[in-house]
Amino acid sequence: MAKNNSITFWRLAFTVLVALFHFLRLYDLNTGWYISVEFFFITSGFLLINTCDKKRNKEGISDSPWIYTKKRIARLYPMYLFCFILNFVIYSRILYPSVTSKMQALLESIYELIGIQMVGLNQDIYFNNVAWYVSALLIAGYFIYYMVLNHRKFYIQFVCPISVILIYSFYYRIYTGMEMWGDSIGFWQHDALLRALAGMNMGIMSYQLCNKIKDIRLTAVSEYLLDAAEIFSFLFIIIYTAIVHNTDNDYAMVIFMAVAVALAFGHRRFNSVFNNKLINYLSGLTYAMYLNHAILISVFKRFAPELNALTIAAFFAILLIMSVVSQFIVDKCVYICANIIKPKLIQKN
């Protein structure tokens, strides 16, 4: 799918809100901005089915689920691994003074290290808590891609809506709202994985809605109104969840989010408004910002016990610097590894 300036902007906005949500909790201020994670699940589901359709329409056949997942891992894992190592080095120095205890902690975190901690194995210690999202995304994405590839109509028309209804109904009865990610209940039920499945399935339904709207011949006024509806929906979600958190209205916010994502991917009148070099650059750092913000928060309060505007500005300034540096290091490491591995593969063939 062609680059979408609107999605680029909202990706940056919701990354900032996730980081701010966790940062404010450090000072006992609760918001509902954890709902921002649903934006990323919804857009991931949207792009998953778009990738499947685009390759099938262009080449007549789509990648297998394993090839699709390998490509996702290749893109996501380098930064994931870097941030795991960073978190492990810092926390292990504080919590595990001896070499033996460090090695034991590393062995106990093997599931997190390889990114399958959200399969429901009940790991007790997570060195980078926010990495749960990446694990759940990759695991859920594999199964969703398989179903879309092989049982498209059944999955879209039956499994997607029924799974969303059942998962969110279950969450409502257990937690009321959607502020959860790390618990397992019963024989097998992991909050993070079900949350990813429901969110990505909402993204698939958002994709269907987007295509339905594209099939309609719209007037210029109608296009402006739809773009205004997109912006209003996102702003309403942000403002409402700043005040209210962990209520049954979380699920209404997810519906608003899915509709807004469908409108944002529509490429209409306001797309050029979000075409900004600074936004594009910062949006390219959002993954690094997301994976880096937890470790920064964990040490920040020692140096800033009081919350004010300067504290928040300092937090995001340091987070931005961390993200730029980590992105530079990861890109260099990937480049070096690619130059080492690629010639060997060519020579072998």
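Don't overthink the numbers, they just go from 1 along the chain as shown.
Cβ atoms are placed via backbone N, Cα and C, with glycine included.
Record features (TrEMBL):
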type     : residues : note
DOMAIN   : 5-325    : domain 'Acyltransferase 3'
TRANSMEM : 7-27     : transmembrane segment
TRANSMEM : 33-52    : transmembrane segment
TRANSMEM : 73-96    : transmembrane segment
TRANSMEM : 130-148  : transmembrane segment
TRANSMEM : 155-172  : transmembrane segment
TRANSMEM : 192-210  : transmembrane segment
TRANSMEM : 222-243  : transmembrane segment
TRANSMEM : 249-266  : transmembrane segment
TRANSMEM : 278-300  : transmembrane segment
TRANSMEM : 312-338  : transmembrane segment
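When each of the listed stretches 7-27, 130-148, 192-210, 249-266, 312-338 is scored by C-beta pairs under 8 angstroms to the transmembrane segment (73-96), 312-338 comes out highest. Where the transmembrane segment (130-148) meets the stretches 7-27, 33-52, 155-172, 222-243, the count of C-beta pairs under 8 angstroms peaks at 33-52. When each of the listed stretches 192-210, 222-243, 249-266, 312-338 is scored by C-beta pairs under 8 angstroms to the transmembrane segment (33-52), 192-210 comes out highest. Residues of the same chain lying 6 or more positions beyond the ends of the transmembrane segment (192-210) and with a Cβ under 8 Å from any Cβ of it are 37-38, 40-50, 118-120, 132-133, 135-137, 139-141, 143-144, 148, 155-156, 159-161, 163-164, 167-168, 170-171, 178, 180-182, 254-255, 257-259, 261-263, 265-266.
Averaged across the domain 'Acyltransferase 3' (5-325), pLDDT in this predicted model comes to 90.
Just going by CB pairs under 8 A, the stretch in 7-27, 222-243, 249-266 that sits most against the transmembrane segment (278-300) is 7-27.
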